[in-house]
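Here the structure comes first, spelled out in structure tokens, and everything after it is commentary.
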């Protein structure tokens, strides 16, 4: 057992020696972070201003985009600092806060992706009952439940991890305060923390994942029963973006956490962590904008509207709000059930 000490701060080692590539990588990752912020902000603005997107599907997408902004923001700024100027000091409290918010956003994303798949399941498998089943109250309930589950789940892991006695070595071999590198600094047995975290992580990832898989099994079965090829293509097009995001998220997350920490090389862990903390959040808004014709049309409508408003003296008509429309039926404007 090493020398016990009261830890007031940690040192994030970042990516180590990059042999002169740090500025090149800094530019790439900064660009990714900017694209993530702008892409998700664009989706939020378009959904909030275009009344044709006032449907449950885009209500959940707006929540998802908002979550992605904070998900990557909890990691990217400190990571960019380590690339630009080398290892960075982070206070004990700062490490706890980063650890907690990253875990919260990751868990909330699992729940939110499951809620989005349930929405697609109802839209395709029960199109006639869809407006009454997926009403505004249900949408708010599912979204708020996802956020609440995200904020509550990491509390146990955070409390158990940071009450451990830490050795004099305070260097975290990572670019953020992740569980595995933090536990390596503990001077006591971490088995209870690891087992508890494993059980919690298994529940909050596998349950939403299995619900998502079950939804898509029913979706595929329903789509295959549609007689026309055009109907099948339309049904699949409403799910393709979400399915792509689910595959990317669970694929990268599973690659990191399914492999035992003891057998992972630190550099490999960092590379995989980059995918789900930086790359995937950047790809998501691109997927939802490039593969979604409704969003593309909404962007073109807004650009045309702003261009015409700029050229005219009169003020533009007030935009609608995606979250709480005065007209309860307005929540479904522009939505057509799949048949």
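Heads up, the Cβ atoms here are built off N, Cα and C, so glycines get one too.
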*Out of 236-259, 308-331, let me know the one TrEMBL marks transmembrane segment.*
236-259
*Roughly where does the domain 'G-protein coupled receptors family 1 profile' (39-288) sit in mean pLDDT, to the nearest integer?*
89
*For the transmembrane segment (198-224), which stretch among 20-46, 89-115, 136-156, 271-290 has the most Cβ pairs under 8 A?*
89-115
